[in-house]
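A quick write-up on the structure given underneath.
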Amino acid sequence: MTLLLVSLLLASLLQISSGNKANKHKPWIEAEYQGIVMENDNTVLLNPPLFALDKDAPLRYAGEICGFRLHGSGVPFEAVILDKATGEGLIRAKEPVDCEAQKEHTFTIQAYDCGEGPDGTNTKKSHKATVHVRVNDVNEFAPVFVERLYRAAVTEGKLYDRILRVEAIDGDCSPQYSQICYYEILTPNTPFLIDNDGNIENTEKLQYSGEKLYKFTVTAYDCGKKRAADDAEVEIQVKPTCKPSWQGWNKRIEYAPGAGSLALFPGIRLETCDEPLWNIQATIELQTSHVAKGCDRDNYSERALRKLCGAATGEVDLLPMPGPNANWTAGLSVHYSQDSSLIYWFNGTQAVQVPLGGPAGLGSGPQDGFSDHFTLSFWMKHSVTPSKGKKEEETIVCNTVQNEDGYSHYSLTVHGCRIAFLYWPLLESARPVKFLWKLEQVCDDEWHHYALNLEFPTVTLYTDGISFDPALIHDNGLIHPPRREPALMIGACWTEEKNKEKKGGENSTDTASGDPLLIHHYFHGYLAGFSVRSGRLESREVIECLYACREGLDYRDFESLGKGMKVHVNPSQSLLTLEGDDVETFNHALQHVAYMNTLRFATPGVRPLRLTTAVKCFSEESCVSIPEVEGYVVVLQPDAPQILLSGTAHFARPAVDFEGPEGVPLFPDLQITCSISHQVEAKADESWQGTVTDTRMSDEIVHNLDGCEISLVGDDLDPERESLLLDMASLQQRGLELTNTSAYLTIAGVETITVYEEILRQARYQLRHGAALYARKFRLSCSEMNGRYSSNEFIVEVNVLHSMNRVAHPSHVLSSQQFLHRGHQPPPEMAGHSLASSHRNSMVPSAATLIIVVCVGFLVLMVILGLVRIHSLHRRVSGTGGPSGASTDPKDPDLFWDDSALTIIVNPMESYQNQQTCVAGVAGGQQEEEDSSDSEAADSPSSDERRIIESPPHRY
């Protein structure tokens, strides 16, 4: 029985074991799942629910679901099995999910059974199903405004659909909570309204006379009705009625010389009052006609400037100063410009005929240089005469020249705003050629310089240093040839016919041969600096250096010039035009218009400035008009250069040195320095509220002088006894001019400080042999910039030492002279300050006179020594309270002598006549008084001061 039960049990176990090994089917799950998980939660709600089925059920292990596996990169979820028998499962988040980080998650899931036994052998897996999990948002974020403060401006009297828009954003991820549903104005009683999009408009017309600035608070709500944590502030400014105009410019613009280019309108902008424009044109005009001749140019004289610019010499002045040698300009009206240059006025009925011989330097014979190579240079101020209009020509110069081949002729005329040059190479055979230029400078009634270079067949006209090519060149066969006779006329021209009878409206002028010339085409305007030079022509660089304007309008920002912008500057740089179609681009371009003055020492003063604007609008009916802008540039006073002359102010030399062939140098160690004082503002201390100024001296590297003068302090030089010497060869080599008179010596011409130092150190003072001169004072002064800046007055005192042993004397006389010389010889440190005697009489070279002088000198010495000693003793006795019986009257020299050592050397000349000695003594006493008075007058500080103040002006 027992065996039977055991057998049955084993059979059943074998049957069960045989059944578990039959895991024939894989688990099954849905193909796709949709899941939802709430933000900040971890449970996922799936649709359909997560169940896995296995056809091996109800077998143990093979029919059970042991778990789920998730596949995907970085899946923040996990799957758990709730019931192995039913295959129910659950998906949950490993940690709370964030919707703002990721709204949706997609991954795959797979189920697996328990296999064929507890060890999980022969496990089978289901297919992979796709799971989509959406994270549901929670309204955790409040709206946030993009700006904390919003500003806008409105014009009074208008209703705006939108003044400005405020904007808030929400950090939530869902459309429900991330969208702003509406805005609200929290401040009550404001004339503004805000819509759901944040647009603010005014509900009534605002007035500038009322509230000028409105401030109110705005908040925002999302669609979950959550309010913004921080509200926004809004400021709306009310402006007066808009007037189209230029804004942000200064009427006064200060320019410091040497500042380079200075922007005139750095902050300017065009207010169009919202009127759309399609074209803008602005003209900036700088008025410089009142500065010298039309604009600021180099301040040097014409002669100095020609040397600085390297211009060739040999020009002939055709309109010189009226004088005995230049009487042809005597009948013209003469004026002077601000730079003291000579100006001639031609009134339309006057002309001058320049003589071909004599001072003009033109000669009456053949003039080869004027045939086809010459430069004509002049200043002209001309406008269209109302009575003449633009119909009649006006002749500037008319010239017929005789050369080897015959006669040539040229004339320069103006006709309205045209200037024409007619050239006839050869009257006998060639035909005339006419060159025409149309220039606004010809008729603008302003000063301009013209230089015409003729190198036939090439003709170039320079106006203010800028070259212009002819606009038209043509042959003119209708012109009748002029009479074949040399003649040069300025201000008019003669007709071609030779007739002694005057015609109506024509004047006659006699020629050199006595035949009259019928004159017509008179010039009406101003001329100055009219010169001609034959042969070598002036180069473009030289002409530009001589006559170009050094100030004007400037524009250099072409790289950032916007699209469609145009910039035009006239040749004289006094007019600049801008044209464009975009307001912002136009503003940017106008902000870079600048004023420039390249002169280191610019002419100070005011330059008026005008900005004129013309605009074109899309709507002609409502097109705006921009008013004119007027201002001025103030060129400040430049830092004046300080020219300092220094050196030895006193020296003494023996007379033999002055009588040498080269004399004695007056300024052997002269030093000339030039510096500029700059006023700079130092950084003020925190405890000091004022401004601290400091003066800094900075030496300039390059400086020129244009003249120096050596003059006499006191009487003029006596040409028979003294003279000033200077090396003429050295001056001529450097192109300097010398004027040497008995009152002064001047050096004129532009040169560097080093050259002037070298030349002035060579200036020497020479005396004739035997001239009894003892002292002289010389005054030296220099200047630059045509005398605009002057140096200090450097005074040198020269003492001439005369020796008494220049002729033979007895030994006892010589010893007396030596004693006298020792008695009056000053110590070495006072050698340059010895008193000068103004004794002008010649010394009598006789032994008797020498003896008389020695005696008189000895007597004077004794008197002086006695007076000094008595005065000293009187002071000592008075100070110590001497005996009552002692007399202290200093007027009595014979009262007493002290017992100090006194050595007296007497010259025993008692055998000589006492009468002569007495006479000589009286004469010597008178002479001493005169010398004393003259010496005091010469060395009086008030006298020197008076002479310095009354010193004559520069003569160079």
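For all residues, glycine too, the Cβ spot is worked out from N, Cα and C.
The N-linked glycosylation site annotation in Swiss-Prot covers Asn299 (among others).
According to Swiss-Prot, the feature N-linked glycosylation site maps to Asn327 (among others). Under DSSP, Asn327 (N-linked glycosylation site) is assigned to a helix (H, G or I) in the three-state scheme.
Contacts of Asn347 (N-linked glycosylation site) defined by a Cβ separation under 8 A and a same-chain sequence distance of 6+ are given as Ser333, His524, in order along the sequence. DSSP assigns Asn347 (N-linked glycosylation site) to a strand in the three-state reduction. Residues or ranges marked as N-linked glycosylation site by Swiss-Prot: Asn347 (among others).
The N-linked glycosylation site annotation in Swiss-Prot covers Asn507 (among others).
Taken from Swiss-Prot, the feature N-linked glycosylation site covers Asn740 (among others). In three-state terms derived from DSSP, Asn740 (N-linked glycosylation site) belongs to an extended strand segment. Remark: Asn740 (N-linked glycosylation site) has Leu724, Leu726 as non-local neighbours, by Cβ distance under 8 Å and separation of at least 6 in sequence.
Residues or ranges marked as region 'Disordered' by Swiss-Prot: 916-956.
Residues annotated as signal peptide in Swiss-Prot, with sequence analysis given as evidence: 1-19.
The annotation topological domain 'Extracellular' is assigned in Swiss-Prot to 20-847.
Sequence annotations record features per position, and here Swiss-Prot assigns topological domain 'Cytoplasmic' to 869-956 based on sequence analysis.
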